[in-house]
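S.K.: So Swiss-Prot lists the following for this protein:
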DOMAIN    193-293  domain 'Fe2OG dioxygenase'
BINDING   217, 219, 274  Fe cation binding site
BINDING   284  2-oxoglutarate binding site
């Protein structure tokens with residue numbers, strides 16, 4: 001009972017916070033400086049239903065090169081399903097504390113867990129976030145262990161996982177073609193990919209200028225597909241040395257290049273720094289889906305992209321090696337890919 005009580009206490013979503021607990025307060029030099037954020041900038045938007053395939057491929061390539069992030073519209077995932085995913089996520093975080101405590105763990109190796117911050121075992125300052133982490137592929141292997149409450153959770157999230165995986169594979173094809181590679185290159189090279197999900201919950205924060213939902217980081221995987229709360233902004237992307245706010249566009253999904261696609265592109269495409277900030281007015285939720293290479297597959301720059309004028313930027317490695325290195329460090333240290341340069 002004592003351990004369960006401690007787990008409940010760890011979660012931000014179990015209470016309303018009128019004051020800022022000290023363990024969330026960043027040193028002054030590490031605070032988000034919200035007054036310097038560019039609020040009216042835009043990241044590229046790509047219409048996947050455009051009949052001009054060449055234009056879609058070109059737009060995806062340009063976005064990967066210049067921003068590392070883009071939004072997609074007309075992506076084929078039904079708006080009603082997207083709304084259901086967000087609603088069932090909110091229902092989960094509103095469950096009684098004792099119900100949520102059944103899933104709590106601070107062990108990053110667990111495939112299904114509810115936790116808080118990022119890596120509470122290593123951190124000295126925590127982040128203003130609770131999250132439910134799920135492994136999603138193959139579905140039949142993991143769904144039985146997913147939350148049984150809310151009752152519709154497994155069906156809704158399972159359907160979304162299947163559709164978002166197919167969207168990811170379509171995007172791989174466009175990304176491959178934009179690099180001058182065969183359309184199937186990325187999917188084939190990355191092997192039988194794992195798929196993870198993080199359902200992120202950012203409660204109202206009494207002093208948002210003192211902390212983060214997540215500090216600046218890059219994603220260690222290949223491709224991330226983010227479903228954002230279309231009522232509350234919070235994602236910010238580093239572009240040309242400035243933090244820009246990603247303003248939610250109804251019906252859109254946000255795509256970002258992970259570290260592995262930067263490596264496969266030989267540095268042509270960018271896995272960029274991004275962060276999540278919080279606010280004092282409203283809670284916020286997001287659902288991030290991660291496509292991850294097979295652990296044992298060898299990764300490195302595509303041979304076709306290595307020339308005398310453009311030698312290999314990164315050495316070959318396995319995703320297992322990369323992921324272990326990523327988790328052994330603090331989230332906001334130097335870009336993990338720097339450790340794999342030739």
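Every residue gets a Cβ built from N, Cα and C, even glycine.
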S.K.: For the domain 'Fe2OG dioxygenase' (193-293), give the DSSP counts of helix residues, strand residues and coil residues.
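M.R.: The counts are 9 helix, 45 strand, 47 coil.
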S.K.: How many other Cβ atoms sit within 10 Å of the Cβ of residue 219 (Fe cation binding site)?
M.R.: 23
S.K.: What are the non-local neighbours of the residue listed as '2-oxoglutarate binding site', defined as same-chain residues 6+ apart in sequence with CB under 8 A from its CB?
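M.R.: Looking at Cβ-Cβ distances below 8 Å from the residue listed as '2-oxoglutarate binding site', excluding near sequence neighbours, one finds 201, 202, 213, 229, 232, 234, 278.
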S.K.: Hey, of the binding-site residues listed (217, 274), which one tops the CB count within 10 A?
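M.R.: Within the set of binding-site residues, the most crowded position is 274.
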